[in-house]
Structures are given as structure tokens and as C-alpha cells.
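Following: one structure in C-alpha cells, then a few remarks.
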Amino acid sequence: MFRLIWGQLRGRAGRSVALLAGVLVATTGFVVLTGATTTSRLEVTGTVERETRAAYDILVRPQGARTPLEAARGLVRPNYLSGRYGGITTDQVDQVAAVAGVDVAAPIAMVGYSTTPIDMPVDLTDTIDRRLDRQVIRVDRTFFAERGLSHAPADPFYLYVTKHRLLHPTFDDSYHPDAVRYTDGRTYDTQECGLVPREVLPDGRNAAVCDPGAAQDPVLYTLTERQTWRVQTFRLLPDGRFERSTPGGGPGSPQVTVEDRLVLHLRLNVPFLLAAVDPEAEQRLVGLSDAVVDGRPLAGDDRASDNRYQGGLRSRTLPVLTTSRPFLDGTLRAGYTRIVPGRSIAGVRPEDLAGTLRRAPALAVGGSTQDAVSAYRKQLATGLDGRTCCFGELQRVLQPGETGYDERPDGALRARATTIDPSVYADAELATWFARPWLTEDTSFRPVSVVKMPPSLQDARQWKAVGVFDPQKLAGFADLGRVPLETYEPPQAEGADDRSRAALGGRPLEPSGNPAGYLSAPPLLLTNLTSAQALLAGTGPQATAPISAIRVRVADVDGYSERSAERVRLIAEQINRVTGLDVDITLGSSPAPQTVELPAGAFGRPELRLTENWSALGVASAITKAADRKSVALFVLVLVVCVLFLGNAVSAAVRDRRPELAVLACLGWPARRIGALILGDVALLGLVAGLLAVGLAFPLGAALGIDVDWRRALLAVPVALLLALVAGLAPALRAARAHPAAALRPPVATARWVHRPRTLPGLALVNLVRNPGRTLLGAGALAIGVAALTLVTAAAYAFRGAIVGSLLGDTVSLNVRGADTMAAVATVLLGAAAVADVLYLNIRDRASELATLRAVGWTDAALGRLIGYEGIILGLLGAVSGAALGLGGAAWLVGDLPRSLVLVAAAVALAGVLVTSLAALVPAALLRRLPTARLLAEE
Amino acid sequence: MDATRGSTVRAAGLVRQFRTGVERLTAIDDVTLDVAAGSVVALTGPSGSGKSTLLHMIGAIEQADRGTITVDDVEVTALRRAALARYRQRVGFVFQRYHLLPALTVLDNVVAPVLPRRGHGDHAARARELLDAVGLAGRERALPAQLSGGQQQRVAIARALMGAPRLLLADEPTGNLDSTTGGQILDLLLDLRGRHGMTILLATHERAIAARCDRLVRLGDGRIVEDLDLTEGEDPADTFDRAARLRL
């Protein structure tokens with residue numbers, strides 16, 4: 001029998017090769033493409049109890065950015081973005097933005113904290129006794145934070161008010177500290193006491209009133225603001241006004257200023273977190289530009305401005321939007337004491353001043369208290385170009401990390417105190433203009449690192465506000481149903497027990513002035529990404545991947561629903577697949593109050609038990625590797641179409657062999673043996689095709705970038721065999737059951753439905769109706785491909801990358817990957833090939849009829865048109881029914897029939913008809929080779 | 001071509017060979033033949049003598065390897081594909097097995113040659129006339145399978161006449177029919193010749209049929225072995241004598 005099978009295959013070599021090619025293409029395609037089905041799948045679990053929505057639906061962070069608590073309990077700390085610095089490149093942001101279905105991809109790059117002074121002027125005019133010849137007003141500062149629980153005294157400031165004449169330093173282009181010209185025309189050495197006024201003493205001599213601040217300036221970066229102290233000198237003029245030195249205003253500016261009020265500018269130094277955003281994306285996400293209340297919005301093309309000064313000093317100024325609300329709990333209390341020294345303090349060394357004054361009569365003359373928020377607002381009110389507003393240094397940028405926790409038996413979390421490396425504040429190369437906040441000496445809960453920027457002595461760095469934004473005007477801020485995942489939301493923690501509540505005075509704990517403190521303020525300074533990159537240039541990995549997170553809002557998601565969640569999940573999955581970054585679904589997240597124990601601070605704050613407003617991610621998500629079942633289904637469709645295609649071909653081959661099979665039956669062959677003969681034919685073809693597919697799978701996989709291992713490649717053999725056997729089964733059974741006399745039946749039946757064809761299309765229709773099984777098989781194969789392509793295209797275009805809908809009560813989704821599109825297109829092409837094969841078989845079966853038509857005068861063009869019409873009708877039948885099937889499926893899934901979906905279906909149907917028409921050209925071309933005379937003679 | 005008379009056919013030095021496996025079979029071997037306009041010529045000879053091949057070549061269904069065929073003033077062997085198709089539209093062809101399109105009705109089969117052209121209404125009217133002429137009026141809606149062999153051949157003849165041919169080629173038109181029916185078909189052909197003045201070449205191996213033609217050309221091994229004018233001094237009605245004399 002093998003010899004008979006082999007003889008058959010050799011005898012019909014052309015047909016055998018065609019069948020072999022069909023099995024080979026389908027099997028190789030299946031084996032290789034299924035290599036692309038193992039993909040990253042975002043598994044989500046859990047249910048959502050509240051309908052909440054943050055400004056964004058997906059949070060994209062660098063790989064491994066999840067904290068252990070997040071991973072284990074799905075809990076996210078408030079303001080968790082503040083502790084993340086870089087890890088995402090701008091290219092990855094572009095990749096995320098390009099994912100279909102992404103409405104907004106807003107990157108945020110946390111740069112770090114820098115010290116910003118808040119000016120706290122105190123008016124001491126009324127504290128002086130105008131009768132006195134000389135007097136000193138001592139200002140004793142005490143810093144308070146954390147609802148007053150943390151407090152610390154600071155070194156005092158002194159105001160020396162004398163009625164005696166003062167000599168003031170003048171300042172011109174050249175500055176030599178050892179020879180500064182004073183208003184008396186003489187030069188004095190200012191190295192010991194600084195650019196301070198000199199008091200003319202009764203004996204005619206004069207002496208400098210030393211300011212210890214001059215000596216502190218070079219080491220300010222090592223000091224906290226508690227350690228700074230100043231002596232400022234004023235002359236009380238006979239008209240009651242106050243004269244003071246104002247050197248350094250530049251050439252031409254007055255060296256002496258006379259004012260009505262005696263004002264001392266105290267400062268509270270606070271850490272401000274600088275972050276970089278894409279202003280356009282931020283506007284779309286939260287309406288950043290609309291929240292600007294002074295100045296102008298930040299623009300994407302704002303650039304850091306560089307200046308170069310004499311002596312090689314360079315400065316770089318970043319344009320920023322500064323906050324109108326610093327979200328800081330800080331207070332500075334000042335107590336005033338009037339001291340009447342026995343003699344002038346001019347000439348007294350700073351370290352001796354306190355001792356000198358100790359014995360002098362002293363009288364408390366009042367005090368003042370200023371809080372950081374009010375003072376900052378007053379500072380803003382002076383206008384963006386004011387003396388103190390709005391700028392700050394970026395000399396030393398600190399990056400606090402995440403807080404560590406220990407879990408208590410009762411479920412509470414205990415924040416872990418940590419020790420800050422003192423070198424962070426001791427780097428002489430990162431010299432600062434302001435002393436560091438006093439709370440940097442408090443207990444720390446975050447590790448702190450410092451950005452390795454170039455030495456600040458030569459490269460000064462600062463920010464200058466171009467505008468002020470009000471966080472409360474940002475979309476989503478302080479909504480009742482808000483989720484504390486918002487980027488600009490200030491963290492707050494309420495007392496969790498009576499003792500803590502009492503300690504806090506019933507108010508919440510807010511961020512203090514410690515960058516390494518437990519609660520950290522949200523970004524208060526915003527610049528654009530270009531400027532941030534200019535600042536971070538040369539600082540290592542963060543310079544190349546500056547972005548900390550991307551907040552993604554998904555299009556067509558409005559509130560939480562199962563469908564929205566599935567849509568968001570799909571987009572998140574695609575983002576992970578494209579970028580490899582960690583993704584978290586924030587849609588459906590809800591507040592999850594968490595009890596936290598905060599160990600006592602170093603400045604008096606007792607241990608507190610707090611309730612903090614954490615977020616529970618709506619759904620736990622994890623990326624798992626799994627086969628994409630939808631892709632597998634698509635690839636199986638390729639095989640199904642191939643089975644239809646092959647089935648048709650094998651049926652035709654069996655029909656051709658009917659006389660021969662009839663002879664075998666007459667010779668006494670049993671039916672099963674005849675069936676086995678047919679199956680043997682196709683099985684041998686399948687086996688050869690499978691073996692060839694094994695060899696083809698590796699190079700094809702390599703060319704397409706799909707990993708095909710040897711086990712997958714070997715799968716080609718059983719797949720091809722099975723494919724061939726399934727395709728050959730029905731024809732084999734028919735052949736086995738056929739009566740020998742059946743061989744006498746004409747190969748093509750007459751039409752059962754008599755139609756009067758008046759045109760070529762009409763005759764084409766009649767021809768197709770004559771063999772309805774074959775026609776339906778071809779059209780069906782095409783319909784399957786077109787339906788799959790309609791669904792895939794609908795998902796890609798009409799539904800922005802993913803169809804999400806309900807099926808039997810479950811939310812299901814269909815998103816599109818490259819391999820899916822490839823499979824759908826392959827199915828359509830195979831469908832078109834099946835149609836072409838139907839036409840070819842029709843031509844073969846009706847060859848004598850076509851020869852007759854040619855003999856009676858039909859031109860080749862007319863015959864070609866006839867076959868072309870048959871192809872178009874088949875194409876229309878398959879494409880329209882397939883598109884309708886796909887359209888119906890998609891509409892059923894989404895429960896709607898949007899216009900875009902209909903357009904997509906129409907476009908795919910049209911494409912299907914076009915492809916089929918093109919495929920029909922191949923059999924139509926064979927018409928020219930019809931042996932007309934032989935066919936007419938044979939009959 | 002003159003519309004009132006049949007075509008003249010001139011074949012000169014025709015050669016046609018076929019390859020069968022490794023052998024080369026000469027089906028037509030240097031045949032030269034002139035056919036006068038309006039004559040009825042019977043091509044006779046044993047199976048494989050080249051009758052059908054010669055008809056196919058004249059009908060432009062088969063190409064000649066060598067030699068020329070000229071019909072009226074048109075050298076058929078020099079025509080290209082499209083011109084050949086137009087030529088075939090003006091030649092009527094009747095086959096032994098009729099070659100009707102089984103899916104089409106009798107009327108549509110007759111119209112089939114002109115289906116790709118416009119003006120279906122006119123075509124249908126003419127087809128009805130032709131069916132009437134071949135004695136099949138009233139059977140227009142029947143399918144070929146519902147007709148007898150003779151009726152099917154009449155349909156084939158009507159179809160061959162659809163293009164108003166001046167040359168009718170008939171390959172064993174009665175070969176599948178009984179003698180009575182065959183005789184009727186020949187009557188029909190001769191009657192049509194009488195009415196339309198067309199030239200008829202018919203291949204046959206039936207003595208009775210050949211004897212009623214104007215001329216007999218006998219082929220053997222692809223060559224013309226005998227060429228007789230049957231019209232001189234004979235009584236056309238005495239077919240049996242003629243057949244006997246021709247040793248058919």
C-alpha cells in the first residue's frame with residue numbers, strides 16, 4: 001500500500017507539493033507564532049469596595065520599586081513618590097505614551113530636597129528706649145515643630161543700637177577684605193569681623209562691631225540654623241530713624257540705608273522637595289497650569305539659565321513653579337531682651353560678647369511667634385521679584401529614602417529610626433548659602449543620600465520661581481472620596497490613641513522641617529524635565545534615567561467598573577510588556593487607615609501612635625508569565641482555516657481518483673482499506689511537512705525574534721500529522737463509503753437552483769451554487785480570518801488597543817499584540833488562499849465547460865472575468881459574513897455598536913474582498929493554460 | 001466575410017505533432033486543403049487519422065506547428081489570442097459530445113457564446129429563433145440533462161449558429177446518436193446550409209453521413225489519402241450507391 005501511496009503522490013506531484021506547502025506553512029506558522037504567546041500577564045486579584053478614582057489609573061515605577069509592604073499587603077504610604085529618585089528614561093515615557101489607550105502619561109522626576117529660607121521679619125522698633133545712648137536688643141529664638149512637641153532653643157541674635165556715629169564699609173568693583181574703604185575715606189581690615197560698621201568712640205577712635213555671622217559663613221554648610229547667630233548694628237539718628245550698613249548692593253547702590261523701623265530678619269530654613277514634570281502632561285492630568293495663582297505657568301521649553309561671572313564662578317538657575325502652601329508645621333518664637341551695656345560693644349570679640357553683656361542690666365521687652373505657613377505666604381505676597389521671594393539654593397540636594405517598618409503583634413507598624421551619615425552635611429564641596437534646618441538633628445526615619453553634583457563653590461545652583469501654584473486648585477485635590485495617592489497631597493497623621501491625640505492637641509501631625517523625618521511634604525517646587533536633566537547632568541544613573549514614576553490615565557475610563565478595571569489592567573499589562581517597568585493599578589484604590597508607632601524624637605516629641613491615611617491598591621497586581629490564551633486561540637484559527645483549505649483540496653483529489661478507487665472497490669478492496677489509502681496519502685504529506693517545519697522553525701523564529709526551543713519545534717510533527725489527518729478524514733470516509741458506480745457521476749453537479757444568468761456575475765453565481773459545500777468551505781475559511789482580523793483591528797483602532805466587555809457575566813478583554821495581528825492577517829491570507837484553491841478546483845472540474853466557452857468564442861478576458869466574479873462573490877460572502885461575525889462579537893462584548901466599530905468592520909471586509917480578488921488572479925491566470933482541444937476531445 | 005455566402009477555407013502545408021511520453025506523434029502531416037464557399041465537406045478516416053485535429057486547427061482551438069490556414073482573406077494561423085477569440089465567435093463548432101453547460105437552460109446554452117457581450121434581450125430573441133429552427137421551440141427552459149442526445153445536439157447546433165457563422169465545423173456530430181437521429185441532425189445541417197449558405201466541414205466515420213456531403217476528404221495517418229467530389233454526375237439522393245462506391 002505504501003508503494004501505491006508513494007506512486008499517487010509522485011503521479012500528482014504538483015498537487016502533492018501544493019498540499020505539502022499548505023501544511024508546511026500552517027504548521028511552521030503555528031509552531032513559531034505560539035512561541036510568542038508566552039507573555040507577561042498582569043494578574044489582578046481582589047475586589048473594590050469603594051468607587052474611587054485618583055487622577056491617574058496606573059502608576060508606572062522602576063523595576064523593583066515596590067516596598068515589601070506594598071508587595072505583601074497592597075498598601076501604599078501617603079506621598080510615597082517623594083522617596084523615589086529616577087530609574088525611568090524619557091524614552092520609556094515615550095513608549096508608555098505610545099501605548100494605545102493611554103490618555104495621559106505624566107512623568108515625574110523627584111530631584112530631592114534643598115534648603116529654602118522662609119523670611120520671618122520681626123519689628124523691634126518698640127523695644128528700644130530712645131533715651132539710651134547705647135542699647136542691645138537680644139533676640140532669643142526657639143524653634144517649634146510637630147504641634148509644639150519638638151522644640152529647641154537657638155543661639156541669640158543681637159541688635160546693637162547706638163546714637164554714636166557709624167562708619168560704613170563701601171563696596172566697589174574690587175574687593176579686598178584686608179583693605180575695605182569706609183565712609184570716612186580710610187581703609188580697614190575686615191577679615192576678623194566682616195563687612196560691619198565701625199562705631200566712632202568718644203575718644204575719636206573707631207572700632208568694628210563684630211558680627212559672628214561673618215566667621216560662620218564659610219562653614220555654614222556644617223551648621224544648623226540653631227547654631228547661627230548674628231550681631232547687627234544700627235545707629236539711632238536724632239530724627240528717630242535707624243541707619244544701617246547695606247554693603248554689597250553693587251556699584252552705585254547706597255552703602256547706607258536709613259529706615260523708620262527697626263526690623264530684624266529671622267529665618268526658618270525648611271527643606272523643599274524639587275520635582276520635575278512635563279508641564280503639558282501635568283496640565284492634562286491635574287490642571288497644573290490652571291492652578292497657577294501668580295506669575296506664569298511653567299512651559300515645557302523653559303530652560304535653566306546659565307551665567308558666568310568674573311573669577312570663573314558659574315551659576316545655573318532653574319525655572320520653577322513654587323507652591324503657595326508649604327504644608328509645614330514649623331514655628332519660630334522670639335523673645336526680646338533689652339540690655340544696656342556699660343560701654344560700647346565695638347571692639348568686643350564675638351565670643352566675649354555674651355560675657356560682656358551678662359553683667360549689664362537687662363529687661364524683657366516682649367516677643368513674637370511666627371509660623372512657617374503664614375510667613376511663607378507673606379513672603380509670597382512681596383511678589384515674585386521681591387527681596388526674599390522667590391528663590392532658593394540647590395547647592396546641596398538631599399535624597400531621603402523609604403522608611404522601614406517593624407510589624408507589631410497588633411498589626412500596627414513601627415517606624416524604624418535610622419542614623420544619618422554625618423558626611424551628608426559635611427561635604428565642603430557642596431557649600432550652602434543657608435544653614436541647614438534645625439530638625440536635621442532630630443531623630444531620622446529615612447536614610448539620606450546627597451546628589452553628587454559638581455562643587456557648588458564654582459558652580460552655584462539655584463532656583464527662581466516663574467510662578468506660584470496652589471496645590472488646592474489641582475484637580476482631585478481634597479475631594480471627599482479622594483485616594484491619598486495624589487502627587488501633591490500633604491500627608492497627615494492623626495493621633496491613634498488618647499495619649500497621642502492629647503499630645504497633638506487634637507490636631508494632625510504634619511511634616512516637620514526634617515527631610516529625613518517621618519512625614520515628608522509633597523513636591524513644593526516644580527521644574528520641567530529639561531531643566532532637571534541640566535541640573536542632574538553628570539550625577540550618574542539619575543542623569544540618564546531621571547524619572548521616578550509615570551502616572552498614567554487611561555482613555556475612556558470613567559469611574560470604577562469591572563469593565564474599566566479590565567481595560568486598565570490590559571493597558572497596564574501592555575505598558576509592562578513594552579517597558580519592563582513595574583506597574584500598579586491605582587484605579588479603585590481606597591484609603592486604608594494604618595496605625596503607625598512613631599518613636600520619640602530628639603527634641604522632646606514623645607512617642608506617638610498615629611493613624612495614617614495609607615492607600616490600599618484596589619486590586620493586587622502581579623506580572624506573571626502565562627500563555628496568552630487569546631493568542632493561542634488565534635493561532636488555532638490558523639490551523640482551522642488550514643484544515644478547511646486542506647479538506648477541500650483532499651476532497652478534490654479524492655474526486656479525481658474516483659475511477660481508480662472504483663476499480664479498487666471492484667477488485668475487492670474493503671472500504672476501510674480504501675479510506676486508509678486516502679488517509680495514508682495525506683498522512684505521508686503531513687509527516688514530511690512536519691519534518692520540514694521542524695527545520696524551518698528555528699531560522700524563522702530567529703528572523704522574527706521569537707524564541708523557539710527544540711521541544712516546541714518538534715511539536716510541528718504531530719501538529720502537521722494531525723492537521724493532515726483531520727483534513728483528510730471526511731474525504732477518506734466518503735471515498736470508503738462510495739459505491740463504485742459513483743465514479744460515473746459528473747464531477748460537478750448541475751445547479752439545483754435554476755437561475756437565468758443574463759450577465760457574467762450571474763453565471764459566476766450559478767457556478768458557485770453548483771458546488772455549495774466547496775463554496776461554503778472557501779467562504780467559511782475566509783470568514784474565520786476576517787472575523788478574527790475584525791476583532792483584532794477593532795481592539796486596536798476602535799477601542800484603542802483593547803476590547804473589554806462582559807461575557808456570561810465575566811469581564812473579559814481582548815488586547816492586541818503584534819503576534820495576534822500577525823496571526824489574524826495569516827488567517828485572512830490562508831482564507832484567501834482557500835478561496836483561490838476553491839476557484840482553482842472549480843476551474844479544474846469545469847475545465848471542459850470553460851474549454852467549450854473558449855471554443856465558442858469567449859475571449860480569455862471574458863473567461864478571466866467569469867473566474868474573477870466567482871472570486872469576488874466568494875470574497876464578499878466570506879468577508880462580509882466574517883466582518884459581521886467579528887462586528888457582532890465585538891458589539892456583544894462591549895454591549896454597544898459604536899460607529900468606529902462599524903467602520904473598522906467595513907474596512908476589514910473591504911480588505912478581505914480585495915485580498916481575495918487578488919488571490920483569484922492566480923487561478924484566473926491558469927485559464928490561459930487550459931488545453932482546450934484536449935478537453936473537448938476527452939469528453 | 002461575405003454575409004450571404006459561406007467561407008472559403010484554405011489549409012496549406014499543415015503539420016501538427018503531439019508528444020506522448022518520449023515519442024512524438026504526428027497527427028497532421030503536411031495537409032493542404034481548399035474548401036469552396038458553401039460546400040459541405042466530410043472528413044473521414046479511422047480513429048486517430050487526424051480528423052478532429054484538423055477541424056480543431058481550422059476552428060482555432062488547436063494551433064498548427066507549421067503551415068497556414070486562411071479563412072476567406074484571414075490568415076488564421078497568424079492571429080494573436082484576442083483576434084483568435086473574435087475569429088472563433090464567427091465560426092460555429094458542434095462537438096460529438098455536445099458540450100452543453102449542464103447548469104444552464106437550453107436557451108442560456110444557446111446564448112452562452114454571446115453572454116459576455118451586451119444586449120441580452122436581443123440575444124435571447126435570436127436564440128429562440130434558432131431553437132425554433134432546430135425544432136426545439138418550447139424547450140427553452142429545460143436543462144440539458146432533461147433532453148435526449150439528439151435534442152442536445154440540436155441545442156449545440158443552435159449554439160453554434162448563435163454567432164451567425166459562415167463556417168460550421170462539426171466533429172462527429174452524429175457520433176453519439178442512433179442512425180435515425182443522426183440522419184435528422186444531418187438533415188438539419190444541410191437545411192441550414194441551404195438557408196444560410198454556410199460552409200460546413202464535418203468529421204464523421206459514418207458512411208451514410210459522408211455520402212450526403214458535397215465532397216469527401218479521407219485522412220489516414222494525418223495525411224489526405226483521398227479527396228472526392230461527390231456532386232459530379234451523381235444523383236444526390238442515391239446515398240447507398242455512393243457510399244458503396246466510396247468504400248466507406
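Our numbering is plain: 1 for the first residue shown, then up by one each step along the chain.
In case you wondered, yes, glycine gets a Cβ from its N, Cα and C as well.
Per TrEMBL, the features are:
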type	residues	note
DOMAIN	A:633-740	domain 'ABC3 transporter permease C-terminal'
DOMAIN	A:822-930	domain 'ABC3 transporter permease C-terminal'
REGION	A:488-514	region 'Disordered'
TRANSMEM	A:632-654	transmembrane segment
TRANSMEM	A:674-698	transmembrane segment
TRANSMEM	A:710-730	transmembrane segment
TRANSMEM	A:776-799	transmembrane segment
TRANSMEM	A:819-841	transmembrane segment
TRANSMEM	A:872-895	transmembrane segment
TRANSMEM	A:901-927	transmembrane segment
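Against the transmembrane segment (A:872-895), stretch A:901-927 has more CB pairs under 8 A than any other of A:710-730, A:819-841, A:901-927.
According to DSSP, the secondary structure content of the domain 'ABC3 transporter permease C-terminal' (A:822-930) in residues is 99 helix, 0 strand, 10 coil.
When pLDDT is averaged over the domain 'ABC3 transporter permease C-terminal' (A:633-740), the result is 81. Packing against the transmembrane segment (A:901-927) from elsewhere in the chain are residues 782, 785-786, 789-790, 793-794, 797-799, 828-829, 831-833, 835-836, 839-840, 842-843, 850, 860, 863-864, 867-868, 870-872, 874-876, 878-880, 882-884, 886-887, 890-891, 894: each is 6 or more residues past its ends and has a CB under 8 Å from a CB in it.
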